[in-house]
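Visitor: First, the structure itself, so that you have it in front of you.
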Protein chains: 2
Amino acid sequence: MHVGEIGEVELIWQIRSLVDKFQKKALVGIGDDTAVIKGKGNHLFLFTTDTLVEDIHFKWRFISAYQLGWKALAVNISDIAAMGGYPTFALVTLGLPPRTLLSTVEDIYRGMQDLSLKMDVEIVGGDIVRSPIFFITISLLGEVEDQRIILRSGAKPGDRIYITGDIGAAATGFICLNKKEISLKPESREFLEKRHLMPFPRLKEAREISRKKIATAMIDTSDGLSSDLYHILEESNVGAEIWEDKFPVASQTKEVLSRLNRSFSEVALAGGEDYELLFTAVPDKNVEEILNFQVTMIGKIIEEKGLWLVNKEGERKRIKPGGWDHFSKKI
Amino acid sequence: MHVGEIGEVELIWQIRSLVDKFQKKALVGIGDDTAVIKGKGNHLFLFTTDTLVEDIHFKWRFISAYQLGWKALAVNISDIAAMGGYPTFALVTLGLPPRTLLSTVEDIYRGMQDLSLKMDVEIVGGDIVRSPIFFITISLLGEVEDQRIILRSGAKPGDRIYITGDIGAAATGFICLNKKEISLKPESREFLEKRHLMPFPRLKEAREISRKKIATAMIDTSDGLSSDLYHILEESNVGAEIWEDKFPVASQTKEVLSRLNRSFSEVALAGGEDYELLFTAVPDKNVEEILNFQVTMIGKIIEEKGLWLVNKEGERKRIKPGGWDHFSKKI
């Protein structure tokens, strides 16, 4: 049996079953945005890693080295943020074909450095290896106060589902990168492409959510709304209903998708890489007022298992998780 | 300028200069076996990563999946040990071609798990990514009591140089793997090949060295004696003289090398992958008696910069660092 045949979800369950029985000291192992380790005092350590492989997760003809460095660090910070924590120290591994330009390596570091200064992360080491294809792996440490941690497993029936920012811009940006022939205002193209190439991790927003103890469960949207929400549903053992007419969508996203006759809902549900925060909160909290940034209520947690989409016509249909099928999965 | 042209040492200096100026909170960044981070109380955190890439660092026709899992974790634990610390939590990233067998992934995890149980390490997560070639990256956290940390930078003129175990067995094992035609007792072949395929990290020995405060500087031998000693010399700003007739060599290593007419010294100096501890100690310590495992004095630290080999004929000649040129370097 090849790993390509069994699929990533099943593969991770196999690995989880091999690893879980040896878990004694870690508070959270495989199954959340990051591992959680007991620290001293009232702090917990968070520990995560993400890899981007040439031609699988990115193409050099679309992304600059600076942007790639930024993005590789951003997606790791986003995982730490989704736990309610803050990032601290990073290790960077570069797999380099020997013909890689020195300036490429320098630009990758500049991209990482610019984001790391904004996010107060230090790059403290790593590994440089020869490889026939380029890849970058970042491992990131973070911390969170024990009263402020937000897991995927805390959602309860009745909770409302919220998302920061808007949905589908990164996936639409990816479409734009592939279709240079779409005529679009340069600002709109830049806005959308940048959402795909240089996601800005919602660290400040996540810290406010954890400080104000608003969320019962949280994840960052990396695989697409349906897949990411499914992770919360599985870990919390609940179901959910989401309302298509409430999805927050940027006007630029709408413009491109309507011009291409693409269903917004399909892109939003399966698109991925927005790196927004998807979280649940008890129904009596007035979340939009408590938080001083844009969040939108897009559904609610229900007892009945599964994910249900209520579309603009009011029809309720069951949907399956379906994000990027790029065979890349945090474990 | 390609990274293949400038070489790994220069590349790391370039990266170090880009990263070092932003180092504020880390106690040790690039330039030692692991990064060192201030913890709470009297503990320091150690943070390291190592990658093995198919056909660059290993070949599937020589190593089993179980052995590869073991080795990938072993080389990381060895880095933590070389700081005087102990490992705690690991993240594992696998780059997998889609046709990888599920049983291969399971065997990799079994190899890691068997070593992790012996070394009291927990695997708490990671990442699974599709990749045209196989690679494995492990990131490892560890701790060390602040009075017990051993850096590369503490060697002083007059200090003696010691090594645990023996030298050159792993490199000789690698030669055996490549030359199946050498007729050799099966036990000798197994001994040597295992030293290459399944190094056993010197964690217990390193902890005893740090508990008894014996070493002024320490590193694990991964790149070959000359390269690894050079790292100590550079970080400590000193030179060294090593004595060829004192090098500890296993009888199996001697047998193979003499049969192949290979100079032992060349293999020992450039061979690498022994994962022994190379350390320095003040001259008045009776190190061999204080420690209850095999260590051998092989030279001394001198003021004059550079590395000098005194060969069996008593000739003193200057040697340059020259380990595996596999373009893989911890930063």
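In case you wondered, yes, glycine gets a Cβ from its N, Cα and C as well.
What TrEMBL records for this protein is below:
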- B:31-144: domain 'PurM-like N-terminal' (DOMAIN)
- B:D33, B:D79, B:D220: Mg(2+) 3 binding site (BINDING)
- B:D50, B:D79: Mg(2+) 2 binding site (BINDING)
- B:Y109, B:G126, B:D127, B:R152, B:S222: ATP binding site (BINDING)
- B:156-306: domain 'PurM-like C-terminal' (DOMAIN)
Visitor: For B:G126 (ATP binding site) and B:D50 (Mg(2+) 2 binding site), what Cα-Cα distance in Å is obtained after rounding to a whole number?
Guide: 14
Visitor: Report the mean pLDDT of the predicted model across the domain 'PurM-like N-terminal' (B:31-144), rounded to a whole number.
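Guide: Over the domain 'PurM-like N-terminal' (B:31-144), the predicted model scores a mean pLDDT of 95.
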Visitor: For the binding-site residues B:D33, B:D127, B:R152, B:D220, B:S222, return the ones with C-beta distance to chain A below 8 angstroms, or 'none'.
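Guide: Contact set vs A: B:D127.
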Visitor: Given the binding-site residues B:D33, B:D50, B:D79, which lie within 10 A of B:R152 (ATP binding site) by CA-CA distance?
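Guide: Checking Cα-Cα distances against B:R152 (ATP binding site), the binding-site residues within 10 Å turn out to be B:D33.
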Visitor: Return only the integer: C-alpha distance in Å from B:Y109 (ATP binding site) to B:D50 (Mg(2+) 2 binding site).
Guide: 16
Visitor: Among residues B:Y109, B:G126, B:D127, B:R152, B:S222 annotated as binding ATP, what is the maximum Cα-Cα distance? Answer in Å.
Guide: 32
Visitor: Based on DSSP, name the secondary structure state of B:G126 (ATP binding site): helix, strand or coil.
Guide: strand
Visitor: As a test of the contact definition, list every same-chain residue at least 6 positions from B:D220 (Mg(2+) 3 binding site) whose Cβ is closer than 8 Å to its Cβ.
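Guide: When sequence neighbours closer than 6 are ignored, B:D220 (Mg(2+) 3 binding site) has B:D33, B:S78, B:D79, B:A81, B:A82, B:P201, B:R202, B:D228, B:Y275, B:E276, B:L277, B:L278 within Cβ distance under 8 Å.
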Visitor: Fewest other Cβ atoms within 10 Å: which of the binding-site residues B:D33, B:D50, B:D79, B:D127 wins that one? Let me know.
Guide: B:D127
Visitor: Helix, strand or coil by DSSP: which one applies to B:D50 (Mg(2+) 2 binding site)?
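Guide: For B:D50 (Mg(2+) 2 binding site) - judged by DSSP and reduced to three states - the answer is strand.
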Visitor: Could you give the number of helix, strand and coil residues in the domain 'PurM-like N-terminal' (B:31-144) as assigned by DSSP?
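Guide: Counts, helix then strand then coil: 35 helix, 49 strand, 30 coil.
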Visitor: Between B:D50 (Mg(2+) 2 binding site) and B:S222 (ATP binding site), what C-alpha distance do you get in Å?
Guide: 11
